[in-house]
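The block underneath contains the structure these notes are about, expressed in structure tokens.
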Amino acid sequence: MGSILEPDSSRNTKPPGIRFVECTKKSNISFKSHQAIVLIVTFLAYASYHASRKTTSIIKSALDPQTPDESLQSAAFLHRSNALQWVLGSGWAPFNGTNGTGLLGDLDLAFLFVYAVGMFFSGHIGDRMNLRIFLTIGMLGTGLFTSLFGVGYWANIHFFYYYLIVQMLAGLFQSTGWPSVVSVVGNWFGKSKRGLIMGIWNAHTSVGNIAGSLIAAYFLKYGWGWSMVVPGLMIAFVGVLVFLFLPVDPESVGVNQDEDESGSPKKQGLSQHLLSSKPDNEKGKPVGFLEAWKIPGVAPFAFCLFFAKLVAYTFLYWLPFYISHTAINGEYLSNEAAGNLSTLFDVGGVVGGILAGHISDRLGARAITAASFMYCAIPALYLYRSYGHISMSVNIILMLVTGMFVNGPYALITTAVSADLGTHKSLRGNSKALATVTAIIDGTGSIGAAIGPVLTGYISTRSWSAVFTMLMAAAFVAGLFLTKLVVAEVTAKCQESRGGSSGGAARSGAVEEV
């Protein structure tokens, strides 16, 4: 077995791409360079996951061009239904019938339900095998089944269960992504400025959504099948890059961490080994599923994310459809224009994720930050629904603001909070919990993500105002689940201000206090 300063050579499993680069330059890649590679590769990986996931929301209006939202229109615009049909097209059976939105909602439910269930298993498996291989398999499988959905266009398939099964299998392979990338990033970066770093890194979600929207919207004019096949091929290509270049952790590539990374999970594990009488194999023993649920803070954040993702994924899957079926200043947008406009929601999400991460770092209060954003999302949702149709400029401004408050806490919880809890002090330096904890939190959130879009598919046929009421209620409940953690953080802050505790105790926030 290797020493602390010399990692075990048996674990040295450098990716072939890194071995090639080091062979070419005839020197080893530094620790900082490895960190940069990790951030870039995992960013591209999860951006491609979301790009392939976003495509179905763009093609919805091409599959089901019916049911314009007339609740916001004056009588002068009600005769425009023929014009709307000309803009959106005639649709694709079986989704262009009277129950089209319901069937589209069923596809979302099938995808996200399998995704959520698969997430729990993916985290368990991810902590027990090479994450580079695991992630590569997931990306290639996602690319395959995303493309097979689009193949239905050329094969002239109108059988609903074909699309249902393909979406379910795509959801299963998609579930490999998030636990893997968060675990890898957590292995390479300590808690110092984790919120800001991961807030910036988490822009991959919005970048992926934007890229997926623009690509799918562009290829719609050639046929909706291209809008699925092209993103599917893209994620498969990025999966190959992951296999070639992604270093899972410092030990696996034989590099030593810098002194300023002493707070990272792996360094903590090595330090604890010097102070602990536990055998080495116990230190690295994977944490069980039920044991991970008992980590302080996991359950509240998981249930908060359930409702936060319900809101976020309703926008992810239905915003382009909503825009194309709602006249803005009396004009309906084409599928391509609606898809392009919807990307601004994700632009706001990028800002929200970075802002939430930075604020939580400065305050040392993850729960206060997440809860505050969720409560601010309520008036933002109300304003977007009530006034977003007035003009294009108003719609853009309100969409950016709504995206910021909706995606901010979602980004914070799925990144910095998950990484914090996956390296919680109760684990005594064990780094074999990152993927499991991440999977529990995001898997629970994904159940909410499955419920939101399917409810929207049915509720929207009656009233889009009812859909927004549901979203506002979900945002409120999400904030309520963090109440105990918020109180703990406020108490710690008050004690710090009175000199009753050290700054470090307060900065540990709810993750450490509860």
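Quick reminder: no glycine exception, Cβ is built from N, Cα and C everywhere.
Features as listed in TrEMBL:
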- 36-52: transmembrane segment (TRANSMEM)
- 40-491: domain 'Major facilitator superfamily (MFS) profile' (DOMAIN)
- 109-126: transmembrane segment (TRANSMEM)
- 133-155: transmembrane segment (TRANSMEM)
- 161-189: transmembrane segment (TRANSMEM)
- 201-220: transmembrane segment (TRANSMEM)
- 226-246: transmembrane segment (TRANSMEM)
- 256-280: region 'Disordered' (REGION)
- 298-318: transmembrane segment (TRANSMEM)
- 363-384: transmembrane segment (TRANSMEM)
- 396-421: transmembrane segment (TRANSMEM)
- 433-459: transmembrane segment (TRANSMEM)
- 465-487: transmembrane segment (TRANSMEM)
Using a threshold of three or more Cβ pairs below 8 Å, and leaving out pairs closer than 6 in sequence, do the transmembrane segment (109-126) and the transmembrane segment (433-459) count as in contact? yes
Restricting to the same chain and to residues at least six past its boundaries, which positions have a Cβ under 8 Å from a Cβ of the transmembrane segment (396-421)? 178, 182, 185-186, 189, 191, 194-195, 198-199, 201-202, 205-206, 295, 297-298, 301, 304-305, 308-309, 311-312, 315, 341-342, 344-353, 355-357, 360, 366, 369-371, 373-374, 376-377, 380-381, 383-384, 387-388, 434, 437-438, 441-442, 445, 475, 478, 511
Using a Cβ-Cβ cut-off of under 8 Å, list the residues of the same chain that are 6+ residues beyond the ends of the transmembrane segment (201-220) and lie near it. 39, 42-55, 57-59, 62, 185, 226-228, 230-231, 234, 316, 320, 335-340, 342-343, 345-347, 349-350, 353-354, 357, 403, 407, 411, 414-415
Ranked by Cβ pairs within a distance under 8 Å of the transmembrane segment (36-52), the first of 109-126, 133-155, 161-189, 298-318, 465-487 is 161-189
Which residues of the chain, 6 or more past the ends of the transmembrane segment (465-487), have a CB below 8 A from one of its CBs? 71, 297, 300-301, 303-308, 310-311, 314, 318, 366-368, 370-372, 374-375, 377-378, 381-382, 384-385, 406, 409, 448, 452, 455-456, 459, 509-510, 513-514
Ranked by Cβ pairs within a distance under 8 Å of the transmembrane segment (226-246), the first of 109-126, 133-155, 161-189, 298-318 is 133-155
Which sequence positions outside the transmembrane segment (133-155), separated from its termini by at least 6 residues, show Cβ-Cβ distances below 8 Å to it? 45, 48-49, 52, 55-56, 92, 122, 125-126, 162-163, 166-167, 169-170, 172-177, 180-181, 223-229, 231-240, 242-243, 246
